[in-house]
Amino acid sequence: MAIKIRKLDSTSEGFAAELRAVLAFEASEDDAIERAVAQILADVKARGDAAVLDYTNRFDRLNAASVAALELPQSELEAALEGLEPKRRAALEAAAARVRGYHEKQKIECGSHSWQYTEADGTVLGQKVTPLDRVGLYVPGGKAAYPSSVLMNAIPARVAGVGEIVMVVPTPDGLKNDLVLAAALLGGVDRVFTIGGAQAVAALAYGTQTVPAVDKICGPGNAYVASAKRRVFGTVGIDMIAGPSEILVLCDGTTDPSWVAMDLFSQAEHDELAQSILLCPDEAFIERVEKAIGELLPTMPRQDVIRASLEGRGALVKVRDMAEACRIANDIAPEHLEISALEPHQWGKQIRHAGAIFLGRYTSESLGDYCAGPNHVLPTSRTARFSSPLGVYDFFKRSSLIEVSAEGAHTLGEIASELAYGEGLQAHAKSAEYRMKGAGDRQKG
């Protein structure tokens with residue numbers, strides 16, 4: 001059966017509206033899910049371990065006697081790594097090493113060190129940078145088991161110097177994924193609990209008798225997990241609420257069309273709502289990509305998901321030239337942006353908004369997903385206009401440092417008291433003036 005993908009032309013009169021229709025996505029809030037999540041959060045907050053145990057046994061069809069029994073010992077993570085097929089273990093270890101190397105470099109470059117300077121009057125100003133004390137990592141279980149996500153979330157936290165990393169992962173019917181457990185070991189996870197869903201998010205946010213409360217929760221999950229993360233934000237920090245995965249390919253028509261087709265598939269196979277778009281100035285090349293899609297789709301194990309994604313949210317777009325493609329890309333602000341062209345750096349300089357930029361025909365998005373090194377946790381749904389990939393900087397916090405000298409107390413006090421009186425805050429003004437007087441008396445003495 002032929003696949004039907006939208007084909008747009010940027011020179012057509014209705015192009016802007018057509019593109020908006022392709023991009024339109026708004027995460028719907030299911031009232032039933034919202035009510036269920038609110039109840040679970042309240043229950044875990046009130047009953048702690050007992051509630052977590054009840055929900056876990058019910059939803060994952062387990063018969064655990066306690067939450068403590070749901071914690072995995074480090075020896076089980078070690079056994080999972082040892083039990084991997086050698087080639088797969090080597091791949092996982094290589095990916096972990098590359099991700100760690102990139103984030104160690106990022107730590108040096110991203111302003112992760114405290115700093116200060118001294119003014120002429122002896123006043124010291126600066127900033128103290130400290131890692132978070134404890135971070136929670138949510139990892140999906142069941143069919144959607146992604147060891148790469150464990151590495152991408154755990155390693156930057158560990159490189160940042162987070163005190164403790166607590167991972168939660170559901171194990172429906174008691175089934176554990178050895179790749180996920182091995183990734184937890186390689187990523188430096190300290191504790192692993194086999195719990196999931198909104199109850200796991202609640203346990204991490206509020207703490208229970210067994211599960212420690214964390215300062216920030218990271219990691220992907222289903223609609224219940226996303227709703228729970230949204231609701232606990234403020235009690236704890238969160239990484240982001242991710243939407244469907246996206247790829248935008250800018251191609252000048254010089255890449256093998258089957259490569260481009262497979263790159264579009266690489267996001268479409270995630271789920272039916274994932275989005276894959278091609279922008280190209282060469283109409284004949286677009287037709288060749290369309291032909292490659294038709295030929296390659298039947299060979300894909302997840303062809304039904306890919307078809308639904310491409311037909312529902314995909315597009316092949318003819319643009320005037322690569323410069324226009326860059327302008328459109330900046331408006332879309334995609335999660336993943338591939339520039340598959342002879343001169344990728346020329347066009348890359350024009351990109352301002354993208355979660356990750358993949359330069360050149362040999363740089364497939366999938367390499368970034370697994371092992372290139374940069375983080376694959378990226379902003380979606382146009383949030384790349386103001387958001388960044390997950391990184392070591394997400395696991396630091398900054399405190400301002402102020403140490404005022406006696407002379408500085410007089411200089412700054414005059415400014416502060418004047419502004420405080422202007423705002424009608426007399427105690428603020430007096431607080432500054434007392435120190436002005438105290439500093440003056442000390443200097444006289």
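Including glycine, each Cβ sits where the backbone N, Cα and C put it.
Keep in mind that what you see is a predicted model, and the values were worked out from it rather than measured.
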Need a hand: Swiss-Prot gives Gln267, His270, His336, Asp369, Glu423, His428 for substrate, which of Ser245, Ser399, Ser400 is also on that list?
Ser245
Most crowded position, judged by CB atoms within 10 A, among His270, His336, His428 as recorded positions:
His336
May I ask for the distance between Tyr138 (NAD(+) binding site) and Asp369 (substrate binding site), taken between their Cα atoms and rounded to an integer number of Å?
18
Identify, among the recorded positions Glu335, Asp369, the residue whose Cβ has the fewest other Cβ atoms within 10 Å in this structure.
Asp369
10 Å Cα neighbourhood of Glu335 (active site, proton acceptor): matching binding-site residues from Asn222, His270, Asp369, Glu423
none
Integer Å value for the Cα distance linking Asp369 (substrate binding site) with His336 (active site, proton acceptor) is 10
